[in-house]
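According to TrEMBL, the protein carries these features:
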TRANSMEM  A:6-26  transmembrane segment
TRANSMEM  A:38-60  transmembrane segment
TRANSMEM  A:80-98  transmembrane segment
TRANSMEM  A:119-139  transmembrane segment
TRANSMEM  A:145-167  transmembrane segment
TRANSMEM  A:179-204  transmembrane segment
TRANSMEM  A:210-237  transmembrane segment
TRANSMEM  A:266-286  transmembrane segment
TRANSMEM  A:298-317  transmembrane segment
TRANSMEM  A:329-351  transmembrane segment
Amino acid sequence: MNEKLHSFHLAILIYLIQTGVTLFVLPAELAQNFGTNGWVAVIIGAALVYINIFLIGAVYRLGRGKSFFAIIEDGMPPMLSYTLYLLLTVLWSLIGCITAKQYIMVYQIITFQHTPGSLLKLGYDVLIYTLVIKGIYNIAKASTFIFSITVFLALLFFYFITDIELARYTPFLFKDGDGLLIGIFKTYIAFLGFELSILFFPYINKESKFFTSLIIGNLITTVVYVYTCLIIFGVFGYEYLKELIFPLLDFLSIIRLPIIERLENLLYALFALKVLITSVMFYWAATESAKRIFRNKSDKTLSFILIAFSYFISLIPDSLEQVRNWLDFLTRWEIGVTLFLPVICIILILLRSKGRKHADGKNC
Amino acid sequence: MGKIAKVIFVPILCCLIAGCTDMRILEDQGMIQAISYDMATKDKGSDIALIKVTAAIPLIQKDNLQKIIESTATSSKDARIEFSSQTDLELVNGQLRTVLFGKNIAKQGVINHFDTILRDPTIGLRSNIIIVNGNAAKMLAENYQEQEPTYEFLDRLIEKQVDENIIPDIDIFQFMRDVKDDGIDPVAPQFIQRKNHIDTDGVALFRGERYVTKIDASKGTLFSILNKKMINNGQLNFDWPASQQGDAEFAALDINNSRRHINVYSSPGSNQFTVDISIKVKGSITEYIGTKNLDNKKYRDGLGEKMAESLEKQTQELVIFTQKHSVDSIGIGKYVRNSISYNEWKNLDWRKVYPAIQVHCSAEVEIRDYGLIH
């Protein structure tokens with residue numbers, strides 16, 4: 001427990017939890033929901049996320065670094081807190097699982113079309129398990145390594161600089177879109193993952209610069225999203241984007257380098273690592289939560305049970321659309337959790353300090 | 001197992017195991033390199049229009065370098081099913097380089113035939129699209145080079161012509177993007193089969209997804225100058241017949257770079273637009289046939305001005321040609337769209353307005369050098 005998360009690791013970890021398969025669909029969703037210059041909406045989404053990050057930062061400051069579970073257990077009756085933990089365990093392990101499933105299913109569109117998805121998912125889950133049991137510090141270190149090998153992707157996009165035509169952006173903002181509200185909702189979903197940072201309190205100290213790291217982590221995600229969507233809008237044009245499901249896949253497929261082309265096959269495989277961190281962190285969070293209910297069980301056993309349990313559940317949705325519907329449903333709940341957890345924590349802390357003051361006043 | 005052995009062994013094992021499933025044995029694959037679509041002749045008494053689809057796959061035989069499989073069906077999907085029954089190879093699309101459309105089928109619209117191509121994730125969006133003035137299947141089936149299959153020859157021909165800006169560089173992705181964009185009409189290179197060779201026929205112009213007309217190959221570079229913001233290669237030929245002003249002259253200009261700017265002027269509330277297209281070309285004289293001595297500065301300057309004048313006239317004619325056929329192949333619509341409000345653009349029937357707008361082309365020619373002689 002001596003080791004604490006470094007601020008650099010923390011920022012990278014936040015970025016990697018947030019990004020994943022979403023980046024492949026985000027430009028198309030922006031074009032469908034916002035229409036012209038939909039990429040600007042990423043900034044709106046990021047701004048909303050910052051409000052949420054402020055709430056988490058407030059919990060950390062008000063609670064003076066007290067762990068999330070301690071805050072809940074101090075202020076809530078045990079039955080209520082156990083119910084909340086159960087809900088969080090199920091939700092987080094399912095999000096970790098279905099995110100991985102979505103990745104595998106998209107992967108099957110380009111390669112291994114005829115291999116059973118369940119087999120691929122099983123292999124992926126083994127990978128998830130081996131990383132989850134290593135604990136948060138090692139996950140953070142692995143994510144720094146993964147970041148260093150995936151970040152060069154952004155440089156590849158310079159290939160398109162000559163393909164971008166300013167006239168294609170149009171001077172109109174958010175015209176010809178299907179719905180701003182649903183669009184903002186979906187853009188917000190693209191940033192999900194940062195909320196797990198509420199569980200990091202016991203693993204950080206002052207040098208971790210928790211709040212700054214969160215802001216930087218989310219900033220990296222915002223920059224990567226804006227940069228990618230900006231280029232994709234300039235190359236494809238919003239009208240064509242509306243027709244595509246995975247524009248980033250198409251985008252990568254049109255890169256033609258002197259010695260290699262059809263890079264999407266290679267690069268999508270690299271995204272396995274990004275999605276791995278997302279899944280691993282959700283499982284880690286689920287394990288942390290489950291640990292509070294089953295205190296006598298080891299981390300390894302709990303992670304194993306959760307991964308195995310959710311693996312069988314992941315066999316139920318068997319088309320990409322079903323997986324998407326499941327994810328839609330789960331992320332709706334997750335948005336609720338993202339808002340609810342910091343708010344309830346702040347209320348509990350305030351109530352408790354008020355109660356203490358009251359008690360102190362009485363004692364005087 | 002030692003740590004190092006693990007580090008080496010595990011990745012190797014992963015790579016090898018990946019090959020155990022979804023096996024693709026190279027010798028068993030029929031890699032479609034080119035695919036063509038034509039209108040087939042209708043059956044007597046039938047109203048259903050049939051299409052003829054052919055595919056070229058590589059063959060390693062002494063006298064034949066490509067195998068052509070063809071099928072006639074109601075849709076491209078049906079045709080593909082029939083394909084597989086004609087060969088013992090497993091047909092795969094990952095290597096598809098060129099999609100050919102016969103002019104007749106292109107006139108009916110090409111989007112339907114793209115469905116399979118766009119849906120198939122193995123097909124790269126960088127596959128070329130070309131229009132064949134005549135029978136595409138026939139052109140693809142013939143051999144033109146002794147040691148090179150037609151699909152490969154065609155691929156190299158397209159690449160070379162694109163490099164020289166004689167034809168536009170159009171792949172599936174660019175074509176589809178322009179079909180979807182309401183401010184531009186797509187174009188595609190057009191080829192024709194001659195007796196012993198394939199020839200560039202020009203630039204095919206589309207109205208939406210339908211083929212309308214073509215620009216002659218001799219004006220291909222001129223079209224590239226108008227269509228692209230900037231080009232860095234190509235050749236322009238200027239021919240001045242003898243007249244009262246002087247003797248006949250001919251000059252060839254090797255383009256170093258050419259830039260195009262489009263400005264739109266509109267009067268608010270009306271559909272009256274004036275478009276200024278200004279072109280700046282910088283190049284080297286590679287050929288001059290005439291009586292003037294280019295040693296003389298006055299004649300040299302005069303030649304640049306004459307070229308600019310001729311360029312203005314030719315580009316103006318090209319724009320008028322597109323207006324006459326109501327095809328905005330240059331993409332002026334994108335600039336008009338960006339000069340007005342969203343509602344104005346949506347209420348504007350650009351297809352109807354385009355032929356009537358005033359377009360004015362102006363050109364500047366800067367001659368970098370005159371070669372090694374005066």
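Glycine too: its Cβ is placed from the backbone N, Cα and C atoms.
Not measured: the values here are computed from a predicted model.
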Sort out the residues at least 6 away from either end of the transmembrane segment (A:298-317), same chain, that have Cβ-Cβ distances under 8 Å to it, and list them.
-> 89, 93-94, 96-98, 100-101, 118, 121-122, 125, 128-129, 132-133, 135, 283-284, 286-287, 290-291, 323, 325-326
Chain residues outside the transmembrane segment (A:119-139) and at least six past its termini with a C-beta under 8 angstroms from it = 3, 5, 13, 96, 100-101, 103-104, 107-108, 112, 200, 203, 272, 276-277, 279-281, 283-284, 287, 299-300, 303-304, 307, 311, 314
The answer for the transmembrane segment (A:210-237), taking Cβ pairs under 8 Å and residues 6+ beyond its ends, is 7-8, 10-15, 18-19, 23, 26-27, 30-31, 37-39, 42-43, 46, 49-50, 53, 56-57, 60-61, 154, 157, 160, 163-166, 168-169, 190-191, 194, 197, 200-201, 204, 244, 247-248, 250-251
Same-chain residue ranges lying at least 6 outside the transmembrane segment (A:266-286) that approach it to Cβ under 8 Å | 13, 16-21, 23-24, 88-93, 95-97, 99-100, 103, 106-107, 110-111, 124, 127-128, 131-132, 136, 139, 142-143, 146, 149-150, 153, 156, 193, 196, 199, 249, 252, 260, 303, 306-307
Residues of the parent chain within Cβ reach of the transmembrane segment (A:179-204), under 8 Å, 6 or more residues beyond its termini = 1, 4-5, 10, 14, 17-18, 22-23, 26, 29-30, 32-34, 38, 41-42, 44-46, 48-49, 52-53, 56, 59-60, 63, 65-68, 92, 136-137, 210, 214, 217-218, 221-222, 225, 278, 281-282, 284-285, 288, 331, 334-335, 337-338, 341-342, 345
